[in-house]
Amino acid sequence: MDSGEKRLNELGYKQELRREMTMFKTLALTFSSMAVFTGTPLYGASLQYAGPASLIWGWVVVSFFTWFVGLAMAEICSSFPTTGSLYFWAAHMAGPRWGPFASWCCAWLETIGLVSGIGAQAYSAAQTLQMIILLSTGTNKGGGYFASRSIFLCMYIGFALVWAVLNTFALKVIAYLGIISIWWQVLGGVVVIIGLPLVARPTQSASYVFTHFELSPESTGISSKPYAVILSVLLSNYCLYGYDTAAHLTEETKGADRTGPTAILSSIGIITFFGWAYNLALTFSIKDPNYLYDLNNETAGALVPAQIIYDAFHGRFHSSTGAVIYLCIIWGSFFFCGLAVTTSAARVVSLSPCAHARICARLTSFCFSFRFMHSPETMESHSHQSGDESIQSTKSHPMLYGSVHPLAYF
């Protein structure tokens, strides 16, 4: 018997899914959920809030504390290798009294977060594709095509639909795409991180990259240094998430009590290094910081990293071809990341049939209970009851009791 399945039996949890995932496949999907280039859309805003020093050192600080979260999650994952992962962990660790409520909150918050993550990756992929089309057709200054809002929305919806359709296939298909993803992002990351500073001329000095701190209140409306730094660090927080994907896949992974934690920590380690290196490559390659946000520049001021890459290649080769190739690498990263996040979200939303039914029951009970609570008949009957009689009367109506007491459905 597989060690992960044996651990499930010890927890009284029935194995429901087939274990087809190897260590490398789990790592590939977890790594894809984080992605090397995730911070691309937020780079410009982060740079503008407090300058390059806050962006670069903020990554180091956030990475340091992320390791503590990852270590804790890896340890728990080795003890509770279940598909529900976080919601299941919360139920056990919060104790018999608060466990059900903690599980209920965790399941909803995680679901909302992952669904939002799908939207974020779809937006990033659509924005990058918008830049690829613009630079391929002549740039903003040269009469290139800048996709309208309606076209952008269609691209956004299209990516989400493609990811949803791909996730209807067997997990083997997703796993193989994950393997392609990890090689795409690692090799592509090396090409971008090393190649961009080599192509760019001139490059920014080390003092600018590591020590320059600058507020832009005329652009951001923020003159408070602490507040600006906090907003600048949001890029790092946004990038360093998604490592819980390994936990969501544990019931489908061989030796999940070992491979799950390993995938979590390995993904954090790889992204910590590659993400920081990518931010350094972009920052060193900046030609003119003020020109990056000009609405009349070659990328219409829509995506700062795209302008940095364009300036580097156009300044060296007087062509945008290299910039388009680099943006295609970045776009591929967003595509694979969105696919992996959708895979993770599907596991959380489905949970187990019983848990899913309970969560849906709460939403239904919440919607229907208020009419019952405030109906004249209900108010009159409860006005003649007191204490335990009122509670027992409420318990006799499961939908009403479930909305008032979320623990009722556990």
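Think of each number as a place in line: the chain as shown, counted from 1.
Glycine is no exception: its Cβ is also placed from the backbone N, Cα and C atoms.
Per TrEMBL, the feature transmembrane segment maps to 21-44 (among others).
Residues annotated as transmembrane segment in TrEMBL: 56-89 (among others). Sequence-distant neighbours of the transmembrane segment (56-89) (same chain, 6+ residues past either end, Cβ-Cβ under 8 Å): 4, 7-8, 11, 13, 16-17, 46, 103-104, 106-107, 110, 209-210, 229, 232-233, 235-237, 239-240, 243-244, 246-253, 256-258, 260-262, 264-265, 268, 272, 275-276, 279-280, 283, 347-348, 351-352, 355.
The transmembrane segment annotation in TrEMBL covers 101-126 (among others).
Positions annotated as transmembrane segment by TrEMBL: 146-166 (among others). Remote same-chain partners of the transmembrane segment (146-166), defined as residues 6 or more beyond its termini with a Cβ less than 8 Å from a stretch Cβ, comprise 118-119, 121-123, 125-127, 129-130, 133-134, 140, 173-174, 177, 300, 302, 335, 338-339, 342.
What TrEMBL lists as transmembrane segment is 173-200 (among others).
Residues or ranges marked as transmembrane segment in TrEMBL: 226-243 (among others).
Per TrEMBL, the feature transmembrane segment maps to 264-286 (among others).
Sequence annotations record features per position, and here TrEMBL assigns transmembrane segment to 323-342 (among others). The list of residues near the transmembrane segment (323-342) in space but at least 6 beyond its ends in sequence, with Cβ under 8 angstroms from a Cβ of it, reads 29-30, 32-38, 40, 114, 117-118, 121-122, 124-125, 128-129, 131-132, 135-136, 159-160, 163-164, 166-167, 174, 177-178, 180-181, 184-185, 188, 191-192, 195-196, 242, 245, 305-306, 309-310, 312-314.
The list of residues near the transmembrane segment (21-44) in space but at least 6 beyond its ends in sequence, with Cβ under 8 angstroms from a Cβ of it, reads 55, 123-124, 127-128, 171, 174-175, 178-179, 181-182, 185-186, 188-189, 192, 234-236, 238-243, 245-246, 249, 252-255, 259-260, 262-264, 266-268, 270-271, 274-275, 278-279, 282, 292-293, 303-305, 329-330, 333-334, 336-337, 339-341, 343-344. Same-chain residues lying 6+ beyond the ends of the transmembrane segment (226-243) with a Cβ under 8 Å from its Cβ atoms: 30, 33-35, 38-39, 42-43, 45-47, 49-51, 54-55, 58-59, 61-63, 66, 70, 73, 117, 120, 215, 220, 264, 267-268, 271-272, 275, 337, 340-341, 344.
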